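Undergrad: TrEMBL lists Asp43, His75, Ser225 with the feature active site, charge relay system. Annotation source TrEMBL lists domain 'Peptidase S8/S53' at 41-261.
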Amino acid sequence: MHADVTQRGATWGLDRIDQRALPLSTTYAYGQPAFGVSAYIIDTGVTPTHPDFNGRAASVFNSTGDGNPNDCNGHGTHVAGTIGGTTWGVAKGVFLYGVKVLGCSGSGSYAGVIAGVDWVRTNGTKPAVANMSLGGGFSQAVNDAVNSLANSGIFVAVAAGNSNADACNYSPASAAAATTAAASESNDARAYYSNFGPCIDVYAPGSGITSAWLNGGTNTISGTSMASPHIAGVAALYKGNFGDDSSANIDQWIKSNATPNVITGNPAGTPNLLLYKGAL
């Protein structure tokens with residue numbers, strides 16, 4: 001058993017996923033914060049010394065060839081903060097591992113991304129989740145690697161992409177075994193930039209999300225990159241509360257537990273589901 005904790009002054013994204021309907025309450029309630037769960041951020045790396053991580057972060061892989069395993073962009077640190085930061089995070093007890101596949105500019109190669117995904121599949125400490133707030137044009141090789149990671153028992157959340165287009169034309173958004181995040185606004189509207197279509201699994205807060213940044217700071221930014229780590233955080237809470245489970249079972253739990261039919265401006269053929277963490 002555990003005591004529930006209520007965070008006051010929570011970011012709107014945290015606030016939104018713990019209640020069914022608007023208006024927002026400015027609080028975020030949670031129980032067991034996913035102690036013992038690993039979160040792998042396949043991104044620009046993380047800043048392990050950021051104070052919001054409270055010693056729960058490390059850089060473990062770098063495929064960029066730049067000789068610096070830590071984040072020099074900010075994006076990966078922001079994503080990590082949304083998954084598990086003490087202030088900004090969904091699952092405040094996870095250990096955050098930076099898997100650097102994108103360089104200081106925020107770009108990288110498909111080969112480098114696949115290398116990072118394969119490293120996590122081979123070396124990841126379970127129970128674990130992974131987040132991929134990145135994307136490019138459709139790549140079967142990327143999708144195959146992501147599907148293998150998810151099917152190995154490490155849950156994978158991925159960003160749908162920010163092109164206002166069909167997510168099925170992008171990778172890893174179109175990877176069937178991953179859980180693909182579209183982005184919502186604080187008024188439950190679909191974010192204008194968010195990709196859509198049948199490859200979407202669930203919406204999550206994506207616009208105006210505040211989280212950790214370089215040099216111990218914070219930043220407020222928007223994108224499906226910000227939606228995906230909300231889902232990864234909820235999956236980490238699931239594993240922290242219920243124990244390890246298959247990616248398929250957690251994906252189904254997230255979708256069946258989501259709040260239906262509240263997203264406005266949702267394109268035809270896109271599931272109208274908004275992430276909800278329930279009693280976790």
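Numbers here mean position along the shown chain, with the first residue as 1.
Yeah, the Cβs are placed from backbone N, Cα and C, and that goes for glycine too.
A quick note: this is a predicted structure, and the numbers were derived from the prediction, not measured.
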Undergrad: Tell me the Cα distance separating Ser225 (active site, charge relay system) from His75 (active site, charge relay system), rounded to the nearest angstrom.
TA: 9
Undergrad: Under a three-state reading of DSSP, tell me whether His75 (active site, charge relay system) is helix, strand or coil.
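TA: Its secondary structure by DSSP: helix.
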Undergrad: Going by DSSP, is Asp43 (active site, charge relay system) part of a helix, a strand, or coil?
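TA: Looking at the DSSP assignment, Asp43 (active site, charge relay system) belongs to a strand.
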Undergrad: When the pLDDT values for the domain 'Peptidase S8/S53' (41-261) are averaged, what is the result?
TA: 99
